[in-house]
(Lines of atoms letter the chains of each structure in order from A and count residues from 1; the text may use other names and numbers.)
(Lines give C-alpha, C1' and ligand atoms only; values in the text may rest on other atoms or scores of the structure.)
Protein backbone atom coordinates (compact mmCIF):
# COMPACT_ATOMS: atom_id res chain seq x y z
CA UNK A 1 0.00 0.00 0.00
CA UNK A 2 1.36 3.42 -1.00
CA UNK A 3 1.20 6.22 1.62
CA UNK A 4 2.13 9.82 0.85
CA UNK A 5 5.31 11.02 2.58
CA UNK A 6 3.76 14.31 3.82
CA UNK A 7 1.04 12.34 5.64
CA UNK A 8 3.63 10.17 7.41
CA UNK A 9 5.49 13.18 8.75
CA UNK A 10 2.45 15.46 9.12
CA UNK A 11 2.31 17.50 12.34
CA UNK A 12 -0.42 17.55 14.94
CA UNK A 13 -3.75 18.91 13.72
CA UNK A 14 -5.26 21.73 15.82
CA UNK A 15 -8.89 22.73 15.91
CA UNK A 16 -9.05 26.53 16.23
CA UNK A 17 -12.11 28.73 16.67
CA UNK A 18 -11.99 31.85 14.49
CA UNK A 19 -14.22 34.91 15.01
CA UNK A 20 -14.68 38.14 13.04
CA UNK A 21 -15.82 41.64 14.04
CA UNK A 22 -19.10 41.04 12.16
CA UNK A 23 -20.00 38.12 14.49
CA UNK A 24 -19.11 35.19 12.20
CA UNK A 25 -17.65 32.13 13.93
CA UNK A 26 -16.31 28.78 12.68
CA UNK A 27 -13.74 26.02 13.28
CA UNK A 28 -10.50 25.70 11.33
CA UNK A 29 -8.49 22.46 11.40
CA UNK A 30 -4.83 23.17 10.60
CA UNK A 31 -1.55 21.31 11.17
CA UNK A 32 0.66 22.97 13.76
CA UNK A 33 3.38 23.60 11.14
CA UNK A 34 1.01 25.85 9.13
CA UNK A 35 2.19 29.46 8.83
CA UNK A 36 0.00 32.26 10.17
CA UNK A 37 -0.18 33.74 6.65
CA UNK A 38 -1.63 30.46 5.26
CA UNK A 39 -4.08 30.27 8.15
CA UNK A 40 -5.15 33.85 7.43
CA UNK A 41 -5.73 33.01 3.76
CA UNK A 42 -7.96 30.07 4.75
CA UNK A 43 -9.93 32.30 7.13
CA UNK A 44 -10.45 34.99 4.48
CA UNK A 45 -11.48 32.39 1.92
CA UNK A 46 -14.09 31.12 4.38
CA UNK A 47 -15.62 34.43 5.47
CA UNK A 48 -15.05 36.64 2.40
CA UNK A 49 -15.36 34.55 -0.76
CA UNK A 50 -13.33 35.91 -3.67
CA UNK A 51 -11.32 38.22 -1.47
CA UNK A 52 -8.04 36.49 -2.31
CA UNK A 53 -8.20 37.81 -5.85
CA UNK A 54 -6.74 41.01 -4.45
CA UNK A 55 -3.25 40.17 -3.04
CA UNK A 56 -3.45 43.15 -0.67
CA UNK A 57 -6.40 41.64 1.17
CA UNK A 58 -4.16 39.32 3.20
CA UNK A 59 -1.82 42.14 4.24
CA UNK A 60 -4.81 44.31 5.22
CA UNK A 61 -5.96 41.77 7.83
CA UNK A 62 -4.41 40.39 10.99
CA UNK A 63 -5.00 37.47 13.36
CA UNK A 64 -5.02 38.09 17.12
CA UNK A 65 -4.79 35.45 19.83
CA UNK A 66 -7.83 36.19 22.01
CA UNK A 67 -6.37 35.03 25.34
CA UNK A 68 -2.99 36.80 25.15
CA UNK A 69 -4.23 39.68 22.91
CA UNK A 70 -1.10 39.16 20.84
CA UNK A 71 -0.96 39.94 17.11
CA UNK A 72 0.32 36.85 15.30
CA UNK A 73 3.31 37.18 12.97
CA UNK A 74 2.64 36.09 9.37
CA UNK A 75 6.00 34.39 8.87
CA UNK A 76 5.78 32.21 11.99
CA UNK A 77 4.01 28.87 12.28
CA UNK A 78 1.11 28.04 14.57
CA UNK A 79 3.49 26.00 16.71
CA UNK A 80 6.00 28.89 17.00
CA UNK A 81 3.23 31.22 18.12
CA UNK A 82 2.43 28.70 20.91
CA UNK A 83 -1.19 28.25 19.79
CA UNK A 84 -2.97 25.35 21.47
CA UNK A 85 -5.93 23.20 20.47
CA UNK A 86 -9.33 24.91 20.95
CA UNK A 87 -7.75 28.41 21.16
CA UNK A 88 -9.78 31.37 19.89
CA UNK A 89 -8.42 33.67 17.16
CA UNK A 90 -9.81 37.02 15.99
CA UNK A 91 -9.66 38.01 12.32
CA UNK A 92 -9.58 41.82 12.13
CA UNK A 93 -9.10 44.25 9.31
CA UNK A 94 -6.18 46.59 9.87
CA UNK A 95 -6.87 50.28 10.27
CA UNK A 96 -6.11 52.17 7.08
CA UNK A 97 -3.16 54.58 7.37
CA UNK A 98 -4.03 58.30 7.31
CA UNK A 99 -3.84 59.84 3.85
CA UNK A 100 -0.88 61.99 3.01
CA UNK A 101 -1.62 65.73 3.28
CA UNK A 102 -2.15 67.64 0.09
CA UNK A 103 0.21 70.41 -0.90
CA UNK A 104 -2.42 73.02 -0.11
CA UNK A 105 -2.82 71.63 3.42
CA UNK A 106 0.96 71.61 3.94
CA UNK A 107 1.20 75.25 2.88
CA UNK A 108 -1.63 76.24 5.22
CA UNK A 109 0.03 74.44 8.16
CA UNK A 110 3.37 76.11 7.48
CA UNK A 111 1.65 79.48 7.27
CA UNK A 112 -0.06 78.87 10.61
CA UNK A 113 3.25 77.96 12.25
CA UNK A 114 4.86 81.10 10.88
CA UNK A 115 2.04 83.21 12.31
CA UNK A 116 2.49 81.66 15.76
CA UNK A 117 6.28 82.07 15.70
CA UNK A 118 7.72 84.66 18.09
CA UNK A 119 9.05 87.83 16.41
CA UNK A 120 12.79 88.10 15.86
CA UNK A 121 14.99 91.08 16.71
CA UNK A 122 14.48 92.81 13.34
CA UNK A 123 10.69 92.50 13.63
CA UNK A 124 10.74 93.99 17.13
CA UNK A 125 12.92 96.93 16.03
CA UNK A 126 10.63 97.58 13.08
CA UNK A 127 7.48 97.51 15.23
CA UNK A 128 8.96 99.80 17.90
CA UNK A 129 10.78 102.23 15.61
CA UNK A 130 8.27 105.07 16.21
CA UNK A 131 8.10 104.68 20.01
CA UNK A 132 9.88 107.33 22.17
CA UNK A 133 13.11 106.05 23.67
CA UNK A 134 13.61 105.95 27.43
CA UNK A 135 17.02 105.35 28.93
CA UNK A 136 16.99 103.62 32.32
CA UNK A 137 19.99 104.40 34.47
CA UNK A 138 20.85 100.97 35.81
CA UNK A 139 23.60 102.39 38.04
CA UNK A 140 21.00 104.46 39.91
CA UNK A 141 18.77 101.41 40.45
CA UNK A 142 21.77 99.46 41.75
CA UNK A 143 22.73 102.39 43.99
CA UNK A 144 19.21 102.55 45.46
CA UNK A 145 19.31 98.82 46.22
CA UNK A 146 22.70 99.27 47.91
CA UNK A 147 21.27 102.19 49.95
CA UNK A 148 18.41 99.98 51.12
CA UNK A 149 20.84 97.30 52.34
CA UNK A 150 23.01 99.89 54.06
CA UNK A 151 20.06 101.56 55.81
CA UNK A 152 18.74 98.18 56.96
CA UNK A 153 22.11 97.38 58.53
CA UNK A 154 22.14 100.76 60.27
CA UNK A 155 18.65 100.14 61.64
CA UNK A 156 19.69 96.74 63.01
CA UNK A 157 22.83 98.18 64.65
CA UNK A 158 20.81 100.83 66.48
CA UNK A 159 18.00 98.44 67.44
CA UNK A 160 20.53 96.01 68.92
CA UNK A 161 21.77 98.75 71.24
CA UNK A 162 18.21 99.56 72.32
CA UNK A 163 17.34 95.88 72.84
CA UNK A 164 20.44 95.31 75.00
CA UNK A 165 19.50 98.24 77.26
CA UNK A 166 15.91 97.02 77.61
CA UNK A 167 16.87 93.42 78.29
CA UNK A 168 19.42 94.46 80.91
CA UNK A 169 16.45 95.67 83.01
CA UNK A 170 14.81 92.23 82.87
CA UNK A 171 15.72 90.17 86.01
CA UNK A 172 15.40 86.94 84.02
CA UNK A 173 17.53 88.15 81.10
CA UNK A 174 20.71 86.42 82.31
CA UNK A 175 19.06 83.00 82.40
CA UNK A 176 17.34 83.58 79.07
CA UNK A 177 20.56 84.53 77.38
CA UNK A 178 22.44 81.64 78.90
CA UNK A 179 19.97 79.34 77.17
CA UNK A 180 20.32 81.30 73.94
CA UNK A 181 24.10 81.10 74.26
CA UNK A 182 23.88 77.32 74.67
CA UNK A 183 21.70 77.10 71.56
CA UNK A 184 24.32 78.96 69.56
CA UNK A 185 26.92 76.39 70.61
CA UNK A 186 25.03 73.94 68.36
CA UNK A 187 25.49 76.02 65.22
CA UNK A 188 24.94 73.81 62.17
CA UNK A 189 27.73 75.53 60.26
CA UNK A 190 30.40 74.17 62.64
CA UNK A 191 29.13 70.61 62.48
CA UNK A 192 30.75 67.96 60.36
CA UNK A 193 28.82 64.99 59.02
CA UNK A 194 30.28 62.12 61.05
CA UNK A 195 29.29 59.48 58.49
CA UNK A 196 30.93 61.42 55.65
CA UNK A 197 34.02 62.02 57.79
CA UNK A 198 34.28 58.31 58.62
CA UNK A 199 34.03 57.39 54.93
CA UNK A 200 36.95 59.66 54.08
CA UNK A 201 39.13 58.56 57.00
CA UNK A 202 38.52 54.91 56.13
CA UNK A 203 39.93 55.70 52.68
CA UNK A 204 43.18 56.76 54.38
CA UNK A 205 42.80 60.55 54.42
CA UNK A 206 43.89 62.38 57.61
CA UNK A 207 40.96 63.53 59.73
CA UNK A 208 41.96 67.23 59.72
CA UNK A 209 42.22 67.26 55.92
CA UNK A 210 38.92 65.38 55.59
CA UNK A 211 37.15 67.92 57.81
CA UNK A 212 38.56 70.78 55.74
CA UNK A 213 37.56 69.11 52.47
CA UNK A 214 34.00 68.47 53.70
CA UNK A 215 33.53 72.08 54.82
CA UNK A 216 34.86 73.37 51.51
CA UNK A 217 32.51 71.10 49.56
CA UNK A 218 29.32 71.43 51.63
CA UNK A 219 29.61 67.92 53.16
CA UNK A 220 29.68 66.17 49.76
CA UNK A 221 31.83 63.03 50.10
CA UNK A 222 32.47 62.75 46.35
CA UNK A 223 33.54 66.37 45.90
CA UNK A 224 35.58 66.28 49.11
CA UNK A 225 37.44 63.16 47.92
CA UNK A 226 38.19 64.83 44.57
CA UNK A 227 39.50 67.90 46.41
CA UNK A 228 41.74 65.75 48.66
CA UNK A 229 43.22 63.91 45.69
CA UNK A 230 43.73 67.14 43.74
CA UNK A 231 45.49 68.87 46.67
CA UNK A 232 47.43 65.86 47.97
CA UNK A 233 50.80 67.46 47.08
CA UNK A 234 49.74 71.02 47.91
CA UNK A 235 52.03 72.40 50.69
CA UNK A 236 49.15 74.52 52.02
CA UNK A 237 46.69 71.64 52.19
CA UNK A 238 46.76 71.60 56.03
CA UNK A 239 46.48 75.39 56.40
CA UNK A 240 43.32 76.55 58.24
CA UNK A 241 40.48 77.86 56.15
CA UNK A 242 40.52 81.62 55.52
CA UNK A 243 38.44 83.55 57.99
CA UNK A 244 38.68 80.96 60.76
CA UNK A 245 39.83 82.13 64.19
CA UNK A 246 41.30 80.09 67.04
CA UNK A 247 38.90 78.79 69.63
CA UNK A 248 38.19 81.18 72.45
CA UNK A 249 37.16 78.42 74.80
CA UNK A 250 40.27 78.70 77.08
CA UNK A 251 39.74 82.42 77.55
CA UNK A 252 36.09 81.91 78.35
CA UNK A 253 36.94 79.09 80.74
CA UNK A 254 39.48 81.32 82.51
CA UNK A 255 36.95 84.09 82.85
CA UNK A 256 34.33 81.76 84.30
CA UNK A 257 36.85 80.29 86.78
CA UNK A 258 37.88 83.76 87.86
CA UNK A 259 34.25 84.66 88.43
CA UNK A 260 33.78 81.46 90.42
CA UNK A 261 36.82 82.27 92.63
CA UNK A 262 35.63 85.77 93.47
CA UNK A 263 32.60 85.29 95.64
CA UNK A 264 29.74 87.73 95.01
CA UNK A 265 29.10 90.25 97.70
CA UNK A 266 25.62 91.40 98.58
CA UNK A 267 26.47 94.99 97.63
CA UNK A 268 27.72 94.16 94.11
CA UNK A 269 25.09 91.54 93.18
CA UNK A 270 23.37 93.82 90.71
CA UNK A 271 26.64 94.91 89.10
CA UNK A 272 27.77 91.29 88.68
CA UNK A 273 24.50 90.36 86.99
CA UNK A 274 24.94 93.29 84.65
CA UNK A 275 28.55 92.32 83.90
CA UNK A 276 27.51 88.71 83.29
CA UNK A 277 24.84 89.85 80.86
CA UNK A 278 27.42 92.01 79.05
CA UNK A 279 29.78 89.04 78.77
CA UNK A 280 26.97 86.91 77.33
CA UNK A 281 26.25 89.65 74.79
CA UNK A 282 29.92 89.59 73.77
CA UNK A 283 29.95 85.81 73.44
CA UNK A 284 26.83 85.86 71.28
CA UNK A 285 28.32 88.52 69.04
CA UNK A 286 31.57 86.57 68.69
CA UNK A 287 29.63 83.44 67.73
CA UNK A 288 27.58 85.40 65.21
CA UNK A 289 30.63 87.01 63.59
CA UNK A 290 30.65 87.06 59.81
CA UNK A 291 31.92 83.85 58.26
CA UNK A 292 33.14 84.24 54.70
CA UNK A 293 32.54 81.51 52.15
CA UNK A 294 35.87 79.62 52.07
CA UNK A 295 35.58 78.78 48.37
CA UNK A 296 34.91 82.42 47.50
CA UNK A 297 37.86 83.53 49.63
CA UNK A 298 40.21 81.12 47.87
CA UNK A 299 38.90 82.08 44.42
CA UNK A 300 39.35 85.81 45.06
CA UNK A 301 42.76 85.38 46.68
CA UNK A 302 43.91 83.47 43.60
CA UNK A 303 43.16 86.67 41.63
CA UNK A 304 45.84 88.45 43.69
CA UNK A 305 43.77 90.16 46.38
CA UNK A 306 44.85 90.20 50.03
CA UNK A 307 42.92 87.93 52.43
CA UNK A 308 41.70 90.84 54.61
CA UNK A 309 40.47 92.71 51.54
CA UNK A 310 38.66 89.61 50.33
CA UNK A 311 36.93 89.01 53.69
CA UNK A 312 35.88 92.68 53.81
CA UNK A 313 34.51 92.48 50.26
CA UNK A 314 32.50 89.34 51.03
CA UNK A 315 31.16 90.89 54.24
CA UNK A 316 30.00 94.02 52.46
CA UNK A 317 28.41 91.99 49.66
CA UNK A 318 26.77 89.23 51.73
CA UNK A 319 29.16 86.47 50.60
CA UNK A 320 28.33 87.02 46.91
CA UNK A 321 31.58 86.28 45.06
CA UNK A 322 30.82 88.22 41.86
CA UNK A 323 29.61 91.30 43.75
CA UNK A 324 32.67 91.11 46.01
CA UNK A 325 34.94 91.02 42.96
CA UNK A 326 33.24 94.14 41.56
CA UNK A 327 33.63 95.85 44.95
CA UNK A 328 37.36 95.05 45.01
CA UNK A 329 37.82 96.41 41.49
CA UNK A 330 35.59 99.46 42.07
CA UNK A 331 35.45 102.32 44.55
CA UNK A 332 34.97 99.94 47.51
CA UNK A 333 31.89 101.69 48.85
CA UNK A 334 30.33 101.26 51.27
CA UNK A 335 33.38 100.53 53.39
CA UNK A 336 33.36 97.82 56.09
CA UNK A 337 33.41 100.59 58.71
CA UNK A 338 30.15 101.96 57.33
CA UNK A 339 28.45 98.67 58.12
CA UNK A 340 29.01 99.13 61.87
CA UNK A 341 27.47 102.62 62.04
CA UNK A 342 23.95 102.89 63.38
CA UNK A 343 21.15 105.08 62.09
CA UNK A 344 20.60 108.59 63.43
CA UNK A 345 18.50 108.06 66.55
CA UNK A 346 16.75 111.40 65.98
CA UNK A 347 15.73 110.57 62.41
CA UNK A 348 12.00 110.23 61.59
CA UNK A 349 12.60 106.65 60.41
CA UNK A 350 14.12 105.44 63.67
CA UNK A 351 11.57 107.30 65.77
CA UNK A 352 8.72 105.74 63.78
CA UNK A 353 10.20 102.27 64.32
CA UNK A 354 10.57 102.77 68.08
CA UNK A 355 7.01 104.11 68.40
CA UNK A 356 5.54 100.97 66.81
CA UNK A 357 3.89 98.76 69.52
CA UNK A 358 4.86 95.50 67.83
CA UNK A 359 8.52 96.56 67.68
CA UNK A 360 8.43 97.77 71.30
CA UNK A 361 7.13 94.40 72.48
CA UNK A 362 9.60 92.51 70.31
CA UNK A 363 12.62 94.40 71.68
CA UNK A 364 11.93 92.87 75.11
CA UNK A 365 12.28 89.35 73.67
CA UNK A 366 15.85 87.93 73.74
CA UNK A 367 15.12 86.00 70.56
CA UNK A 368 14.61 89.28 68.69
CA UNK A 369 18.10 90.41 69.67
CA UNK A 370 19.51 87.08 68.44
CA UNK A 371 17.68 87.59 65.14
CA UNK A 372 19.09 91.12 64.73
CA UNK A 373 22.62 89.89 65.49
CA UNK A 374 22.28 87.04 63.01
CA UNK A 375 20.85 89.17 60.19
CA UNK A 376 23.49 91.83 60.78
CA UNK A 377 26.33 89.49 59.92
CA UNK A 378 24.43 86.94 57.79
CA UNK A 379 21.80 88.84 55.76
CA UNK A 380 20.91 85.70 53.81
CA UNK A 381 19.26 84.36 56.99
CA UNK A 382 16.63 87.12 56.93
CA UNK A 383 14.03 84.79 55.38
CA UNK A 384 14.38 82.38 58.31
CA UNK A 385 13.65 85.13 60.84
CA UNK A 386 10.85 86.62 58.74
CA UNK A 387 9.05 83.27 58.92
CA UNK A 388 9.61 82.88 62.67
CA UNK A 389 6.35 83.41 64.66
CA UNK A 390 8.15 85.52 67.30
CA UNK A 391 10.50 87.66 65.22
CA UNK A 392 8.55 87.71 61.94
CA UNK A 393 5.97 90.35 63.01
CA UNK A 394 8.75 92.68 64.23
CA UNK A 395 10.66 92.41 60.94
CA UNK A 396 7.46 92.92 58.98
CA UNK A 397 6.69 96.18 60.82
CA UNK A 398 10.24 97.48 60.33
CA UNK A 399 10.06 96.69 56.62
CA UNK A 400 6.65 98.41 56.24
CA UNK A 401 7.80 101.54 58.07
CA UNK A 402 10.97 101.75 55.99
CA UNK A 403 9.10 101.31 52.70
CA UNK A 404 6.44 103.85 53.68
CA UNK A 405 8.90 106.58 54.66
CA UNK A 406 11.18 105.77 51.72
CA UNK A 407 8.33 106.59 49.29
CA UNK A 408 7.56 109.97 50.90
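Backbone N, Cα and C define each Cβ position, glycine as well.
The compositional bias 'Basic and acidic residues' annotation in TrEMBL covers 108-119.
If you look up TrEMBL, you'll see 245-268 marked as compositional bias 'Low complexity'.
Per TrEMBL, the feature domain 'Ubiquitin-like' maps to 14-98. Within the model, the domain 'Ubiquitin-like' (14-98) shows a mean pLDDT value of 85, rounded to a whole number.
As annotated by TrEMBL, domain 'UBA' applies to 185-231 (among others). Counting residues per DSSP class in helix, strand and coil order gives 32 helix, 0 strand, 15 coil for the domain 'UBA' (185-231).
Taken from TrEMBL, the feature domain 'UBA' covers 291-331 (among others).
Under the heading region 'Disordered', TrEMBL lists 100-119 (among others).
Sequence annotations record features per position, and here TrEMBL assigns region 'Disordered' to 235-274 (among others).
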### Query
How many helix, strand and coil residues does the domain 'UBA' (291-331) contain under DSSP?
27 helix, 0 strand, 14 coil
